[in-house]
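**Student:** Feature annotation from TrEMBL assigns Zn(2+) binding site to Cys10, Cys13, Cys24, Cys27. Under the heading domain 'Spt4/RpoE2 zinc finger', TrEMBL lists 7-66.
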Amino acid sequence: MPKSSIFKACRNCKALVLPDQDVCPICGGTSFTEDWEGMVIILNENSELMNLIGAKKPWRYAINIK
């Protein structure tokens, strides 16, 4: 994503957060990157996709981080 992205990705769990957040609300991580691609939004806790990507709770996640 370009540097003007409205989200940054947690390097630990791939959760997408706003640039002004310093702590990931999903895993508590503090290492982020703006270099990510693709987004998946999980709405249902019973989603097979949630299990497939290893998500802990419904949220927005990057598909690939660099």
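Placement of Cβ uses the backbone N, Cα and C atoms for every residue, glycine included.
TrEMBL: automatically predicted annotations, no manual curation.
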**Student:** Check the DSSP secondary structure of Cys13 (Zn(2+) binding site), expressed as helix, strand or coil.
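**Tutor:** The three-state answer is coil.
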**Student:** Give me the long-range Cβ neighbours of Cys10 (Zn(2+) binding site): same chain, 6+ apart, Cβ under 8 Å, in sequence order.
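**Tutor:** Leu16, Val17, Cys24, Ile26, Cys27, Gly29, Ser31, Phe32 - these are the non-local Cβ neighbours of Cys10 (Zn(2+) binding site), listed in sequence order.
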**Student:** Using all protein chains shown, find which of the binding-site residues Cys24, Cys27 scores highest when you count other CB atoms within 10 A of its CB.
**Tutor:** Cys24
**Student:** Which of the three DSSP states, helix, strand or coil, fits Cys27 (Zn(2+) binding site)?
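**Tutor:** Its secondary structure by DSSP: coil.
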**Student:** Measuring CB to CB from Cys13 (Zn(2+) binding site), give everything in the same chain under 8 Å that is also at least six residues away in sequence.
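**Tutor:** Correct list: Cys24, Ile26, Cys27, Gly29, Gly54, Ala55, Lys56, Tyr61.
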